[in-house]
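Record features, source TrEMBL:
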type    : residues                   : note
BINDING : Cys31, Cys34, Cys50, Cys53 : Zn(2+) binding site
ZN_FING : 31-53                      : zinc finger
Amino acid sequence: MNWVNKLLPPKIKRADGQRKSALPEGLWCKCPNCEAVLYTADLDANMQVCPKCNHHHRVKARARLDMLLDAHGRVEIGAEVRPKDALKFVDSRPYPVRLEEAQKQTSETDSLVVMQGSIQAEPAVVACFEFEFMGGSMGSVLGERFVRGVRAAIENKCGFVCITASGGARMQEGLFSLMQMAKTTASISELARHGLPFITVLTDPTMGGVSASFAFVGDVVIAEPNALVGFAGPRVIEQTVREKLPEGFQRAEFLLEKGAIDMIVDRKALRDELSSLLRLLRKEPVSS
């Protein structure tokens, strides 16, 4: 009998194997900005915004759509469009393997989810990036779903909202990916021809080909607080120009100061702001 058994009362028996914690995983998390330890349920209730420092955590596409769209009358657009490996591309791993891993990790088939619905009873089509799917990269499927979303907005005579979170073009699709920059931007001009509003919401991060195409051509360009928005990353730019960049360079507040975006809106106020803007741009009365 070892010393542990001697200390334990005779009626108490230890379970075989390693004891597992009674607390479930994911109960607590740490804010990456202020490092405060947060109760996950409280963070979810606060729309993934840190109650200590107001840092806006990254949000999954469907969770964000749940935050914005009314609960009833939602229709997903373009879900049947799936990615293909037209180039038979291989880097460190084949492209189909990367796709399969991303699909298992996110439960999405590609990096954009498009839904038709309403925001506070105002009809709208909302496209939302899933950053966890290969960094929200823009490929052929994203471009096709985006265009179908625009067409649905035109057919239903409603506004189109796009919430971006992307590292840029998808390298594994080569030129097909770059073509989506022109394809998506051209579809926006068709939306404008019908007199319908296009609003972009830039979230952290919005980079590369997405920022260089449709992200900044909205009738109103909104950003979340402290979102990283630009083409190349700050470190790449510093290494290229060999100069130290200003504090907060490529952050939403810096872009607002320089006139690159129209407004910064807290996530908790975004639903109200979007519904008001959509009504205003469609020349409908805005409730006080």
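Heads up, the Cβ atoms here are built off N, Cα and C, so glycines get one too.
Keep in mind that this is a model prediction, so the values were computed, not measured.
Feature map: TrEMBL annotations on the structure.
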residue: Cys31; record: Zn(2+) binding site; Cβ within 10 Å: 18
residue: Cys34; record: Zn(2+) binding site; Cβ within 10 Å: 12
residue: Cys50; record: Zn(2+) binding site; Cβ within 10 Å: 20
residue: Cys53; record: Zn(2+) binding site; Cβ within 10 Å: 12
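Neighbours of the Zn(2+) site: apart from Cys31, Cys34, Cys50, Cys53, residues of the same chain with C-beta atoms within 8 angstroms of the site's C-beta centroid are Pro32, Asn33, Glu35, Ala36, Leu38, Pro51, Lys52, Asn54, His55. The DSSP breakdown of the zinc finger (31-53), given as helix, strand and coil counts, is 6 helix, 4 strand, 13 coil. Across all of the zinc finger (31-53), the predicted model scores a mean pLDDT of 95.
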